[in-house]
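Written out below as structure tokens is the structure these notes cover.
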């Protein structure tokens, strides 16, 4: 009898085993980590928020930052998804602050609702001032321009009125001389007699009138 020699399995020639320590494996791990990090908040921002509640000499390890980073990101996704469902039911495309507060209340975080409402009101007031500030400045400029224009119009009208008054005065003085002006200033230089000459020409008539009054 001939013994059959067992066939040696040398593996499939088309399949290559990957070594965990190879450069390609490290590249794949880095790509996966980058994709995972894209879903999270920036770890620098998370670290700054965490340091605000620590003493000045307090320190935070890297794994603590990464843990909080993942938890916060998942929480944000959770709340945003609930608010998004509400907007879809109401056929709206934009999630607003009221939707976020509604989602937090629905998910059972009632203790956070009151401070979030206070923050939302302050935020809206601040943003409203930023938006309205250019409009208010533009309105002030328009009001100043209107006031300046009205002032110029008033000065022009006042000057025009003064010119009209001067014209009327000169016209009256030229065509209607004042009776209180001296004889030398009367505008009739071509007249050949004066009040004195009239008295000289009619002295007798004047005396007769006086005698008739006495008698």
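Using the three backbone atoms N, Cα and C, a Cβ is placed for every residue, glycine included.
According to Swiss-Prot, the protein has these features:
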type	residues	note
DNA_BIND	41-47	DNA-binding region
COMPBIAS	136-151	compositional bias 'Low complexity'
REGION	1-40	region 'Disordered'
REGION	68-79	region 'Subunit association domain (SAD)'
REGION	130-151	region 'Disordered'
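For the region 'Subunit association domain (SAD)' (68-79), the model's average pLDDT works out to 93.
Counting residues per DSSP class in helix, strand and coil order gives 12 helix, 0 strand, 0 coil for the region 'Subunit association domain (SAD)' (68-79). Shown for the DNA-binding region (41-47): DSSP residue counts in helix, strand and coil, namely 5 helix, 0 strand, 2 coil.
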